[in-house]
Amino acid sequence: MNSAAAACASAPARVVGGGGGGGGGARSARGPCGIRVCGLGGEAVARRSLRISQGAAVRRAAVAARAAAENGVAGSGGFDYDLVIIGAGVGGHGAALHAVEEGLKTAIIEGDVVGGTCVNRGCVPSKALLAVSGRMRELHDEHHMKSLGLQVSSPGYDRQAVADHANNLASKIRSNLTNSMKALGVDILTGFGAIVGKQKVRYGKVGFPDKEITARNIIIATGSVPFVPKGIEVDGKTVFTSDHALKLESVPDWIAIVGSGYIGLEFSDVYTALGSEVTFVEALDQLMPGFDPEIAKLAQRVLINPRNIDYHTGVFASKITPAKDGKPVQIELIDAKTKEHKETLEVDAALIATGRAPFTKGLGLENINVVTQRGFIPVDERMRVMDADGNVVPNLYCIGDANGKLMLAHAASAQGISVVEQISGRDHILNHLSIPAACFTHPEISMVGLTEPQAREKADKEGFEISVVKTSFKANTKALAENEGDGLAKLIYRPDTGEILGVHILGLHAADLIHEASNAIALGTRLQDIKFAVHAHPTLSEVLDELFKAAKPREGPERKPKHPPQPLLKVLSFVTRLLTSQKQNRQP
């Protein structure tokens, strides 16, 4: 099953992301907030398995008791499992691990390979390629090297070795995820899963008899696949999607990238660093339409204009024909508005980076009166599946790319954790505006919350004002020490309350810096308070420090909320339960 797109980051409509699981990155090791990071090592898994098995014993007994009380039978209320998850991408994996912690008997069904798109065809291998492109780009920047007192001559690369690096990383992370679930007692069932009725799932492989199991609760986490518009013929060699591109079977001299979102932008970084000429084909009137406009403008100046990249905006690729019989790839461009023919491009290869489409066919949704919307499974704010009549389907949830709320690997994981909280008897609603996204170009781009146009639209509608402050990486000592002063951080906030509405960063390690803002939004922290936080000097984190200090929220009675925000209460509750469990386990 699929889970996240090549970049693990998001944009409106069709975007990279995760449904069993991008952006900015996959997750597996758990902290107090349930955040996971792909790549849990073997020793860590063993230690974690012991802690969880001890801590979950009491909760497992409570679950069994609750099931018996509700159904008058022992075990999991007469069901084979407390929870069955269809799809073992990052979202499914995150839900499974949290379910085990909560004492739920859990199974996960996977028809392809564990890790989904993110680990196998998305976030993970793309970051391996981008690590190479970053180093190649730096080594080729003679001015940058000389400014640091370094001399480098004739840097080169081995294409197959680069491809092997990406493949080996994906294999390692896939193995780690599989081992982590096995060590924690999650049953991994192989085959394609489908819902056959209320709390019933059938799974199996082609050529083998199907098996049917029952579950008190079911989570659909089947993710997404690359979206290929009509008229485009994909041969996997000269016309291909991100799935094929990550294998790096060739480095074309001239490649057209259809779509300038996160996927396209990251691959332009890879290909230009390895020596390719790139041409963007974008249907909208500007490049990078999903970004904050000011950040997109700066990104074009830093990531597009200085490089061997040209572009066509406001055009559709109405037809793309793969190279054959000695002829190059042909791309017919038409005006996006008038549909009139503009020109025909002839290139060596074409990457189709037009986003992601939900993988929801063959799930048996018709058996429970569920109708998809543009392929997405309709859900409410608690990820509960809605039927064709607008009613909640009991005990059925959908997370990640398959529901289309936010197509990011870590969003899928967070949604899965939220669902398990509900299954465990604690109501939980995920704040999607607190989920960050990132584009791992050089330099990186990251964001959380609203763009400036979105914030202004919201302010006009709800009757409040917004303010915007910015700070430059040129004022940061660590960035200057690295000779990486090109960068900007932007804060959008409400001056009347100090609420953070959005933060956007372009610069060195922007993907890492964004989480301070993300957590502030999640925890409801106001600017009046966060501006007193202390940051180590000299570090890049001071970019955010300066940004928060530059804001001028009004003082007043609304400075602090009367009660801790819900996410903070969840963290405190988790810590309390963990400490109590450990204390009970230490007693003779």
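Any Cβ shown, glycine's included, is placed from N, Cα and C.
As given in TrEMBL:
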- Cys118-Cys123: disulfide bond (DISULFID)
- Lys127, Gly193, Thr222, Gly223, Ser224, Asp401, Met407, Leu408, Ala409, His410: FAD binding site (BINDING)
- Gly259, Ser260, Gly261, Tyr262, Ile263, Gly264, Leu265, Glu266, Glu282, Gly355: NAD(+) binding site (BINDING)
- 435-546: domain 'Pyridine nucleotide-disulphide oxidoreductase dimerisation' (DOMAIN)
- His537: active site, proton acceptor (ACT_SITE)
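In sequence order, Gly259, Ser260, Pro289, Tyr311, His312, Thr313, Gly314, Val315 are the residues near Glu282 (NAD(+) binding site), counting only same-chain partners six or more apart with C-beta under 8 A.
Of Thr222, Ile263, Leu265, Met407, all annotated as binding-site residues, the residue with the shortest Cα distance to the residue listed as 'active site, proton acceptor' is Leu265. When the recorded positions Cys118, Cys123, Leu265 are compared by Cα distance to Thr222 (FAD binding site), the shortest distance belongs to Cys118. Taking Ala409 (FAD binding site) as the reference point, none of the binding-site residues Gly261, Ile263, Leu265 has a C-alpha atom within 10 Å of its C-alpha. The two recorded residues Cys118 (disulfide bond) and Ser224 (FAD binding site) have their Cα atoms spaced 10 Å from each other. Taking Cα separation as the measure, Cys123 (disulfide bond) is nearest to Ile263 of the binding-site residues Ser224, Gly261, Ile263, Leu265.
Across the domain 'Pyridine nucleotide-disulphide oxidoreductase dimerisation' (435-546), DSSP assigns 42 helix, 29 strand, 41 coil. Here the Cβ of Ala409 (FAD binding site) has 44 other Cβ atoms within 10 Å, regardless of which shown protein chain they belong to. For the recorded positions Lys127, His537, the greatest number of Cβ atoms within 10 Å around a candidate Cβ is found at Lys127.
In the structure as shown, the Cβ atom of Cys123 (disulfide bond) sits within 10 Å of 36 other Cβ atoms.
Lys127 (FAD binding site) sits 13 Å from Leu265 (NAD(+) binding site), taking the Cα positions as reference. Of all the binding-site residues listed here (Gly261, Ile263, Leu265), Ile263 has the Cα closest to the Cα of Ser224 (FAD binding site). Of the listed binding-site residues Gly259, Gly261, the Cβ environment within 10 Å is emptiest of other Cβ atoms at Gly259. There are 36 other Cβ atoms within 10 Å of the Cβ belonging to Ser224 (FAD binding site). When the recorded positions Cys118, Ile263, Leu265, Met407 are compared by the number of other CB atoms within 10 angstroms of each CB, Leu265 has the fewest.
Between the CA atoms of Gly261 (NAD(+) binding site) and Met407 (FAD binding site) there is a gap of 13 Å.
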